[in-house]
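Undergrad: Straight out of TrEMBL:
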- 27-200: domain 'FAD-binding PCMH-type' (DOMAIN)
- S231: active site, proton donor (ACT_SITE)
- E301: active site (ACT_SITE)
Amino acid sequence: MVPSALSSLTSSRLTAHAPLAPYTTFKIGGPAEWLYEATSADDLAAAITAACSASMPWFVLGLGANILVGDKGVPGLVIRNCAAAHTLSSDGVLWSESGAVVGDLVLDTVRAGWSGLEHYIGIPSTVGGALWQNLHFLSPAPERERTMFISEVFADCDILTEEGERRTVNADYIQFGYDDTVFHHRRDVVLSARFQLERADPARLHQILQENLSWRGSRHPWLQVHPSAGSIFKKIEGVGAGRLIDQCGLKGFRVGDAQISHIHANILVNLGHATAADVRALIAHAQQAVRERFGYQLEPEIGFIGEF
Ligand SMILES: Cc1cc2nc3c(=O)[nH]c(=O)nc-3n(C[C@H](O)[C@H](O)[C@H](O)COP(=O)(O)OP(=O)(O)OC[C@H]3O[C@@H](n4cnc5c(N)ncnc54)[C@H](O)[C@@H]3O)c2cc1C
C-alpha cells in the first residue's frame, strides 16, 4: 500500500521493496523500501518534497558508481534520477538535467565540436553525481601533468536546497574541492546544470577520447566484467592508497566474492556474488594491514548507503 505521502508520485514509476543492486556499478545491495524513477527535474524536486513533508528518509541515486548499498537495503524513498533532458546551444552552453549520463553528453558535445567534457569519457556518472564529487581525470596525453575537474567548465546549476527552496547557484556556492563540494555537507540536490564549452576540432577530441579510454582500459578492471565502485579509498597525497595496499601484498586478496583487483589495488571488484558485508570486511582488512605496516589510516571515499 502506497503511503499517503507518496500518493502524488506517478504510481507506475513507484515500486516497493525494489532491489537496488542492478542500479549500482558494484551490483551489490539490498532493496529500497520505496524506489521512484524521476523522469524530469520537476519530478525529482516533487519526489524529494513529498518525502520531506512526511519526514520520510530519502536518497537521490545517480548511476550508483560511488556508493555501497547495505545488504539490508535502504529505508524510505530512493529516487533514481532519470531526468536526462539536455540541449546544446550555438554559443557552447550545455544545459542538462541532473540525471543525464555524462558519457552521453561527452559523445553529443564531441560530435558537435565542443570541448570540455571529453576528459571524463569512460567514467560512470550522472551530471548530479559529477557535481556532487567534482568529477576529475588527468589532462590529455602526452602531458597528463595535471588533474582536470568538471568545475572548470561549470557555469551554474539549479538546486533544491535542504530548506526546500529552488535556487540558481554558481561556483562560489558549490565550493568545489578535490572529491568535495557543498553537496557533501548540505542536503541540497542538483536539478539541472549549465556548462560553458569551447570550440575545438572534433578529430582532436575523438583522439582524446580514444587515448583516455585506452589509458583507463590498461590500468583499471573492466566494469562490465568486474563490477566495482572505482577507487575505494581517498587519495593520500604523494603516497597513493593503492600503492600502500599493493606493498602489503594484497592484490588478489578476497573476502567471499569481494576481491582487491589484481591490476589496481585501490579498486575492489565483485567476482559475482559479493555482499556488502564482504566488501566492508575487505575494506577493514586493507585498512588494518596498511595501518600496521605503514602507519597510514586509509579512509573510504565511497558512500555507505542504508543498513548493513
Ligand atoms: C569504474 C569506475 C571508475 C571511476 N573513475 C572515476 C574517475 O576517474 N574520476 C572520478 O572523479 N570518479 C570516478 N569514479 C567514481 C564515480 O564515477 C563518480 O563519483 C561519479 O560522479 C558518481 O556519479 P553517480 O551518478 O553514479 O552518483 P551515485 O554514486 O549514484 O551517488 C553518489 C553521491 O552523489 C549524490 N548525488 C547523486 N545525484 C545527485 C544530485 N542530483 N544532487 C545532489 N547529490 C547527488 C548521491 O546522493 C550520493 O551521495 C569511478 C567509478 C567507477 C565505478
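Just so it is clear, glycine is given a Cβ too, placed from its N, Cα and C backbone atoms.
Nobody curates TrEMBL annotations by hand; they come from automatic prediction.
Show me how these features fit into the shown structure, please.
TA: Its Cβ taken as reference, S231 (active site, proton donor) is surrounded by 19 other Cβ atoms within 10 Å in the chains shown. According to DSSP, S231 (active site, proton donor) sits within a strand segment.
When Cβ atoms from all protein chains are considered, those within 10 Å of E301 (active site) total 17, not counting its own.
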